[in-house]
Amino acid sequence: MVVLSTLALVRAAYSLNSFVFEAEDIRFGSPWWFVVVGVACFLVLFAGIMSGLTLGLMSLGLVELEILQQSGSSAEKKQAAAILPVVKKQHQLLVTLLLCNAAAMEALPICLDKIFHPFVAVLLSVTFVLAFGEIIPQAICSRYGLAVGANFLWLVRILMIICYPIAYPIGKVLDAVIGHNDTLFRRAQLKALVSIHSQEAGKGGELTHEETMIISGALDLSQKTAEEAMTPIESTFSLDVNTKLDWETIGKILSRGHSRIPVYLGNPKNIIGLLLVKSLLTVRAETEAPVSSVSIRKIPRVPSDMPLYDILNEFQKGSSHMAAVVKVKDKDKKNNMQLLSNGETPKENMKFYQSSNLTAPLLKHESHDVVVDIDKVPKHVKNRGRNFQQNGTVTRDLPCLLEDNEDAEVIGIITLEDVFEELLQAEIVDETDVYIDVHKRVRVAAAAAAAVSSITRASPAEIQSKVGQTVKKLVGKEARGTKNYTTKITEPLLAESDR
């Protein structure tokens, strides 16, 4: 536009003989003079509409229109639904609007040249086009582009039909060369968009800090791995399969407050299953039965680089809420990286994880009565069986699943709560937790610590009374036998607290 105006000024300078306000073709005040002025005003208005629609419609992306069509107000839904089919023809629409805008701006100086001197005509055309054909329309359409585009959609459709012979071929060429602009947001862009809409950003957003944290955690869930969220095996409370379920062991289980406890054989890294604490309700502590006498359920194994999103999907099936994290072999790591480089989604990667010889896939379509047969050695275990002597009990051909196999050792335990903590990006602390962050060894709040210290300072009679009530609820005994039970369970606890 600036180039055209410059050329017109040069042309006017060469043809200027005298500064006359009125041209000789059409006299001022004649009917034709008013007709030309009306045409000039129409051209300015038409050029302004085309300029505003170019900015308003082309600034509306397909993704934005689809969002408004689904989640906008009733008026926005109607407007977005009407505009979307037209905006999908991006390049044809662009060529149509630019052709009409250029035609109006080129015709304006010609009309004004009939009633004004060429120099005055160029000066007026540049002024009116800038003010009423560019600045004001684009300022309005940049703010109300959706509403303006919907109201002038009938005009746009007519112009697209008129300019079809020229706009359609050029639009197809642009589609082939440039392509369509329908890029979606990346994860980082979505997180930044959510953070901008938070109340803490101070930009009028309605999302609270907790809501933004949860949304960001959900976006990061497929990027985080099991190794990042697991509890290290060294910090995990577990039981040997030959441990006697006496009062001391039951007291430790009660003090931990876990609902599921991993069970190992010989080496704590040799996890063979898990024990549901509620299954101990029928166990009599005076019999000192080993853990192997209770139903030990299968514990699924997942590779350390498995995304938390896939683990959450498997936990949702209800087969298990605890899994053993296994160290991935270098060979399987390379295969996994090759799968990721091929652009496969996390769901497609599940095929790799489930077929890996390091892991046992999470239980599917199995009832909760499935237990581990500790007398049967799995086929994939190289060490068929070994004899262990612990607590005076000798095991018979119990499988050593992962011992002496450094590439497939269990390095941690992951639970559904761990995945939820990564989703919420905050630690979930209950009344039995000792540490908020197991990795950093950060203890719980002072209130919980004070409660623990108050129990430690309590008298033996008070401790026996409290533990007796708990044992009575668990084992279902009458009050007459509670005293003997509490004496047996509190003696080792008191001895340990005196240390």
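In case you wondered, yes, glycine gets a Cβ from its N, Cα and C as well.
Membrane topology taken from Swiss-Prot puts P31 and P137 on opposing sides. Where the transmembrane segment (146-166) meets the stretches 33-53, 92-112, 115-135, the count of C-beta pairs under 8 angstroms peaks at 92-112. Averaged over the domain 'CBS 2' (295-359), the predicted model reaches a pLDDT of 68.
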